[in-house]
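K.L.:
One structure coming up, written as structure tokens, with questions to follow.
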Amino acid sequence: MAFVLSILFCMFAIASSQLTSNCYESTCPQALSIIRSAVIGAVAKEHRMGASLLRLHFHDCFGCDASVLLDDTSTFTGEKSAGANVNSLRGFEVIDDIKTKIEAACPGVVSCADILAIAARDSVVALGGPSWNVGLGRRDSTTASKDAATKDIPSPLMDLSALISAFANKGFNTKEMVALAGAHTTGQARCQLFRGRVYNESSIESNFATSLKSNCPSTGGDTNLSPLDVTTNVLFDNAYFKNLINKKGLLHSDQQLFSGGSTDSQVTAYSNDPSAFSADFASAMVKMGNLSPLTGNSGQIRTNCRKVN
């Protein structure tokens, strides 16, 4: 009976465009533990991988259909070569490893989109951050669009008004946007993305700017990395917001959140209340994971996340 109920829950979720956390309870009960174990191992090996897996989900979830994982084909140019993704997104091999193990245990059951969503949550937990219930039952896209990814993903060069607009276009209010930006409490960015801020902006703490210049020259060194959170980069905490108040946001878009505008008060609130940040981040991640999932007969369950069946 439990097996039948689990299948019915999953089928109902897919048919009604609703996701449910117990979708694989009987159809692939080991799925969550396989993903969790792989993520914990990957993050233990390289802390940066936690941020990379979270970012994969974010860049996919301005769609939530695993389109970001597809390699280019003769019929479409995928999202991996979009400006926001090229030479930037990573962690694909971790997802490949997870998918191989899950396919061996339960062939054709668990979607790549669901794997991304669970891996993002488990990555945050592995870095000391909050957990949340991940709705499951997504299906995988059979195509991808470089142009759509380029248009949808917020740029690190955006001013506050553009950021608010980009997130509003996906249904997020300003508070949710600030909470999601807190993901930059971990991870790194390339010199070419923050060079303009370091050399041309005044809203940056002088010693911080000097330290960044040593690793990010005015010319060259485009791929040199610096941490998004200069204080506790391997922990998922609220230090990111404290850094913004101290003018130590790495990216232009980061510092825009504390620049005399409408989001200053929310940044201050999160800097003083880590529990509020954790709760709001978790809620915003649930909402993001529910953005336009493929359901019903749309898409497929890919057996290889890099290509359609």
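Backbone N, Cα and C define each Cβ position, glycine as well.
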K.L.:
Looking at TrEMBL, which one out of Thr174, Thr185, Thr268 binds Ca(2+) 2 in the same site as Asp229, Thr232, Asp237?
P.N.:
Thr185
K.L.:
Reported as an integer number of Å, what is the Cα distance between Asp65 (Ca(2+) 1 binding site) and Thr232 (Ca(2+) 2 binding site)?
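P.N.:
With distance taken Cα to Cα, Thr232 (Ca(2+) 2 binding site) is 32 Å from Asp65 (Ca(2+) 1 binding site).
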K.L.:
Can you check what DSSP calls Cys28 (disulfide bond), collapsed to helix, strand or coil?
P.N.:
coil
K.L.:
Please report how many Å separate the Cα atom of Cys112 (disulfide bond) from that of Ser67 (Ca(2+) 1 binding site), as a whole number.
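P.N.:
Between the alpha carbons of Cys112 (disulfide bond) and Ser67 (Ca(2+) 1 binding site) there are 9 Å.
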K.L.:
Enumerate same-chain residues with a sequence separation of six or more from Arg55 (site 'Transition state stabilizer') and a Cβ-Cβ distance below 8 A; give 'none' if the list is empty.
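P.N.:
Looking at Cβ-Cβ distances below 8 Å from Arg55 (site 'Transition state stabilizer'), excluding near sequence neighbours, one finds Leu89, Gly91, Ala183, Gly187.
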K.L.:
So, three-state DSSP: helix, strand or coil for Thr232 (Ca(2+) 2 binding site)?
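P.N.:
DSSP call for Thr232 (Ca(2+) 2 binding site): coil, neither helix nor strand.
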K.L.:
Express the distance between the Cα positions of Cys305 (disulfide bond) and Glu79 (Ca(2+) 1 binding site) as a whole number of Å.
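P.N.:
If we compare the Cα positions of Cys305 (disulfide bond) and Glu79 (Ca(2+) 1 binding site), the gap is 13 Å.
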